[in-house]
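TrEMBL lists 23, 24, 25, 26, 27, 28 with the feature ATP binding site. Here TrEMBL flags 19-196 as domain 'tRNA(Ile)-lysidine/2-thiocytidine synthase N-terminal'.
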Ligand SMILES: Nc1ncnc2c1ncn2[C@@H]1O[C@H](COP(=O)(O)OP(=O)(O)OP(=O)(O)O)[C@@H](O)[C@H]1O
């Protein structure tokens, strides 16, 4: 039964090896066993991975414990070590990001396109409660996706409908013990407090199952909102030299939730950021646009001019960014031209634009050109093709306009 639930998310005969991320906790250990049974049946090549964050003395031992069980099951196992914490930021968050990035690199090196994770219905319910305290909207409260493409790798969560207790019973039946992270009982962590709160809420009928249903309802709402944002964007929005342009007249007809989503995706798309700006910043931006003025936000400048809202990259955010000619710059542009010794691509900026007398003839706004790429040789501007000084160079945009519209549906 458990195996059928998991197998339901997997391709019958996968052509590439499949990864499974196992921390040693009960959920992911059960996942490894269920997937091994499935892999044997369909002849899939399963690869196990554990990230050792190096944060607890027992972590290395736990990773080896996973390795031993994997070996007993005839599975290959890799341990990835994180040594990157510089003492800044929120440790939990940094460790989590590092884990995803290490696993993504590992997958790419091994030709793995899919990694399965052991999130359960309990994780979903706990996350829901934690997000309530952060005043989340439909997006924050919506159920985790069972399948999500991130940085070129598909992350699968085939156990979202299963409960931790049934997975633990399954392991116990197989005489297997799992690793218990001591932080799982430490009330300093939000997740632990959320778990305790669930017990208190139970008499109200607020249970793991009901919270999962609510989060699925919200996922449907999220999808519907995404669809309407896409429809409005298709009808009114255009992409101009990597900027997103929204006619003010159309913007004024959008419901606030639709304009917020549109602006949020535009900011992410233009800046290349991994995460959306905070809600507070988005609210300020919406207020500012209602008053007919723009503002800088999240590495972008939002301007209002000639009846258009324009989301452009912020030049100041690019001042230290360099790339070799022909290489991607800011993940968006590539400059191609004749060989120039010592040439490098940097932002045009005020200094560069001063040397481009014809920039007005390009029809592009000044803010856009300030943040555009240029070719420099030391302090000398060699070329700024977008600002009317081509000198044999051309600027190639690395993302198609279509990609922007597509992100409105998937985020
Ligand atoms: N150290 C680890 N090594 C390998 N896989 C891990 C590790 N930690 C977590 N995972 C994987 O991620 C799943 C979820 O774990 P956990 O709930 O602790 O992560 P989280 O960071 O809270 O979740 P999310 O990634 O959604 O934020 C596990 O079931 C397992 O598949």
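Each position is counted from 1, following the chain as shown.
Backbone N, Cα and C atoms are what each Cβ position is placed from, and that goes for glycine too.
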Among all the protein chains here, how many other CB atoms are within 10 A of the CB of residue 25 (ATP binding site)?
20
What's the number of neighbouring CB atoms sitting within 10 A of the CB on residue 23 (ATP binding site)?
22
Can you list which of these binding-site residues (23, 24, 26) have a Cβ closer than 6 Å to ligand 1?
23
Near residue 27 (ATP binding site), how many other Cβ atoms are within 10 Å of its Cβ?
23
Tell me the Cβ neighbour count for residue 26 (ATP binding site), meaning other Cβ atoms within 10 Å of its Cβ, over all protein chains shown.
23
DSSP three-state assignment for residue 25 (ATP binding site)
coil
